[in-house]
């Protein structure tokens, strides 16, 4: 039976102050009426004399004694008088014994023979106990005399109580007398801090020291200290144990008295009185001075008492004794005592007269022991009334007795359960089998733990030596585990005892406080009552007052004693805690060494066996070669035999053998799941799965291994808790976790633990939900509720203080301070206080459990704050664990761990199925495109062949499980007409869900409406509606939208609707929510009076959603992108000729909208694709990684995309019979003064740019862009640079001439801008695009909307205010100005609060003060006076044409010379370039022209395009790149001039295709003007890189190669299987 750690609840419950009772928590203790028992014994005249000698004494616990007719004894143990777990009897000094004998001689009478027997031997008193019974009459004088002496003795003890040592004053359980001495369950011999653990269980020499030493020390005590001796009751006798020999005459007896005498030879119980007396005399003579175990009592020799007490507790052991072993039938007085048929447990104490052999045989039993009584809680056994088996004498030196006496130790540490009979080790060890558990138990009890673990044997040793080494290591490991278990049990018992004593002392201290308080109240009450009457105080009253005051002083002294003892116990617990840490450290080192040696030996043994087998095969092969040479073997037979041998050799490869060995040994040393550290388990599983991963390179694996080790290092450092965790260590752990998560290593338990240990993750997906945010949110909500409650102010302050303690605790952790024991105790008290106040924050409380904080009053009382840090570690509740210490190598467990941690390329089952379904679509794409659909009857035009093929593909996809895809045909192939054909070919049959939603840029909406009106027959009754704009362009309800067949809306308008629909409760929490919220969940947070957009109602489900120019949602963070992805629709389509323009992340936004699983989840997309294309120092991927990612992109696009270029052919013919397009690059170099100007500007700007880039201050990035802009302008014309600089100099800092009303007002407006608005300024600076005209911004001529942070051109401010003030969202302010909505985000800005970017830069980036601003104001006023006189106006007449102007004029002149009708489109990013070009076209060449720029309103733009088509004289169109690169059809022109290169090559291609599309009948010529040896060279290089990346993924030829891959190859590419 396993030994249970002892918890001693030491409670004094006696009339005498020197008696202790220790209750073990492993038993059920019945209430004991000790006083009643004492009274019975005294009334019966039972007095127990003790010898003057201080040697050990024999005693018997007797409740009631009688002699039956058959002269046998029977012990009747009443339930109400059950003996306690351990009775601490006081050891009497020589002085005490003499006084006691004098008293007893007076009491017992003058019988000569009997008195001599009592005086000469302690056996006499024992014999008298057997003779006394109820029938013996007692004289009244004797009773009176006895009672008087008892009272006198009690008074004497009470008088001496103040002189007794404070460490050994006992406490009556009812609070009558003094306190108890806490149990010292481990003595000084247990030195746990030794580096080399003594685990041999050999007794210390101090334990068997000569008792004469104690006698001498006792004789030297101060006799004056003890003035009274209490009457000895049955509890005063020393408890001793023995086993009983049985005789045949006792088998039928009914009554027994169990003698508990622990000595070498057990005496036989006498069958009659004389035999009893002689036996007692003989045994007393044998053990005199040796057998008694002294118990702590009222003595002043503290050092001696502590030594004896520690020795006693060291040998306490719970020893169950089966009742069936007794030869007598034991009965209870009360029938209910043994109703549960339990096992009787008897108290056992060690005897010091045992010889060395006997003690050794029982040493392991006595090492960790406690006194055990009869328990109703133990295992059920035979009933008491049914047991009549004879008692058999056990031989203490037999092997059976040894095995039965050694208690089983249940290990509470995380010791691995190693099956040393595992097949792998058995196979490696050969015929040398491992010893059985029974044999090992016998051998291990006497063996000594070896100091060091055997090292690895040489690789060339023989097989026999390897097997021998392995067997030795197995045995050593078994002994190591056993010894560690033993040592652990010792430590845990010590800690448990100290912990229990601390608990009791705390209870007693609280009781002492109450007693002092009650006594003080009583004393004050007496004083008050006597003072109230005004009469003289009588002597009786004075006695009462004095007695009350004395009682109060005594109670205060007792309280102080208890406090001192509690401090002493806590100090002991701290020492044990340090010993525990040292033990755990040494345990881990020893285990690791042992396991490593065991693994190496097993591997080497197998390797040796493999080498021997290979040598045998090679020898056979040589023999066959010799036989073939000699001609004794035919060639066919030789070939067959050598083939078999070669197959054996192939099967015996050492490399494979090593891998197999390691994998097979690992399950052997694997710990039970329930007892392993789940954090370490997660890390180990991640490493294991990474090792098995086939799609990662070795370099990547090594990097990830290093990051996993960083996390383990941080965890260990935090849990050690000895010092502050520095910022660098936390940063390393944070970066490692981020990189691992990005690389697909998903370990929820690890990341949650790191967050709880103070790591703050910027990516909310790593820990979702955010436990840290929930922690502080709970506290904030609790504060709010308490402040609004009706509780008293005192209660509110108390609760607030508790909440502050819990909040500060977590803040300390986030700062890098690990929790200390004192902090845990303080937070535990706060939690208990909150619970008592009724605050239910269960999640918060459970989160605190991770830091081992008690959350209930019971836990707070029971758990000492000094208990070891890593004791009782429990796994999280959501971890499904099945304890299995035997079979830990099952495949099911390995698979569950893979799914549990979601390591990269080991997807969850759902992701795997989704990827397989996606790969099925890859194989179907070829067959789908083979078909051809007919043109719908409701169309007014016939579809071209490639369009019919496209329509067939679109219809097939809608009939599949994908329900949508990407139509990425080249510009001009008719994506719009194919989409219209799809809407007509697959119209909805349900009137409730028939609406097609078409989202497009504003400039394209009119084109769509026109196409629908002209391409669809009227009989189709296909209704359309444009949502937005002025007039009746908006509806409020979904039912109004659902009436139309097609609803057209711009991206900007849809984003505004999403913004207005957003619940007010979630304002400011967008970043904490999913990027694509669920509409129904979102609407639950709205109130009835909020705005409901018809696009986002619960019933809003469109039949089909089409995104034209889908690249507009490429930024996943924009509101337009989120709005498009949130809308519900049955079918979802993206139309875009350039779905990828800058990075692979742009593709994710489209996948997210299409909801293609599993890559619609950002984590999955980044894991397999996105992360390999990021340029960051954190992500170190080689070319092979990127190639694999590109293959995945092609597979993905092949499954969801249809892309055809104009060069593609069908049946040998191109898709479109278009004339050719010729792209010419007209390269030139700067010369003369222009070259000097550019060179000087470049040198100056390079120096400034270097300085700015090295400066990390805000605003430096925009300054670098300005310098780069100047270089690009210089390539076009040097005058552009001058105009830009003059504009910058003349830029107004603020409108208005009043410093207070204008400048200072705007200054404060900027300083009060929200953080979100300031962040938006930085975002707008990155794009350098005006939100109104979409033109490129010029830093010297742009302003900031203070309400939202968007940037706008100075020239666009007036039209923006004019149009926006007419919108219904605009509001008129008190001053008459309008608060107008931003076109992009709908946030309001007062028209007078639009500030220049120059002022914003001065205030935010340069940190201007009011004084600086005033100085700038004065300088500005002077500049304005000068500028009024000298306003810079370019002198166009004196301007010389630049190289770019000359190139442009040459192209125009050549075109005009070759044709009288051909028209030209000229694209540029700089509208100021058009001003210079206009001068030369108008004045020098006299060529008419038109201009199309973003500052024009929609009507003006439309008029320009119509005039360009109709007027044959207007052959030149100047068009800005931003305003006209998409949405326009300009096939009336066939010449395109690109003046300056744009960052994005696809923007240029879109501009070119404005005229190269369907209906173009002329050859198209593209003229790209280029300046060599300038900044345009570097822009061209950037274009080339972007184009290579996109083309590598979008190349139709490479995408088609995917179709040649088999199913297995595709699965391998995505990590689903091996090749």
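Using N, Cα and C of the backbone, Cβ positions are placed for all residues, glycine too.
Residue ranges 10-47, 48-85, 86-123 are listed, and Swiss-Prot annotates 86-123 among them as region 'Disordered'. Listed ranges 466-469, 470-473, 474-477; the one Swiss-Prot annotates as motif 'SUMO interacting motif' is 470-473. Using DSSP to sort the residues of the motif 'SUMO interacting motif' (543-550) gives these counts of helix, strand and coil: 8 helix, 0 strand, 0 coil. Listed in sequence order, the residues of the same chain lying 6 or more apart from residue 970 (ATP binding site) and placing their CB within less than 8 Å of its CB are 1137, 1203, 1204, 1205, 1206, 1553. Counting every protein chain shown, the Cβ of residue 974 (ATP binding site) has 21 other Cβ atoms within 10 Å.
Residues near residue 975 (ATP binding site) in space but far in sequence (CB under 8 A, at least 6 apart, same chain), listed by position: 967, 969, 1108, 1135, 1137. Cβ proximity to the ATP site centre (mean Cβ of 969, 970, 971, 972, 973, 974, 975, 976, cutoff 8 Å) flags the following additional same-chain residues: 1137, 1557, 1558. Per-class residue totals from DSSP over the zinc finger (1330-1386), listed helix then strand then coil: 14 helix, 14 strand, 29 coil.
Taking the binding-site residues 971, 973 in turn and counting surrounding C-beta atoms within 10 angstroms, the largest count is reached at 973.
Around residue 976 (ATP binding site), the same-chain residues six or more apart in sequence whose CB sits under 8 Å from its CB are 1007, 1008, 1011, 1108, 1135, listed in sequence order. Taking Cβ-Cβ distances under 8 Å and a sequence gap of 6 or more within the same chain, the neighbours of residue 972 (ATP binding site) are 1206, 1216, 1218, 1553, 1556, 1557, 1558, 1560.
Counted with DSSP, the motif 'SUMO interacting motif' (470-473) comes out as 4 helix, 0 strand, 0 coil. Other Cβ atoms within 10 Å of the Cβ of residue 969 (ATP binding site) number 22 in total over all chains. Under the three-state DSSP scheme, residue 976 (ATP binding site) falls in the helix class.
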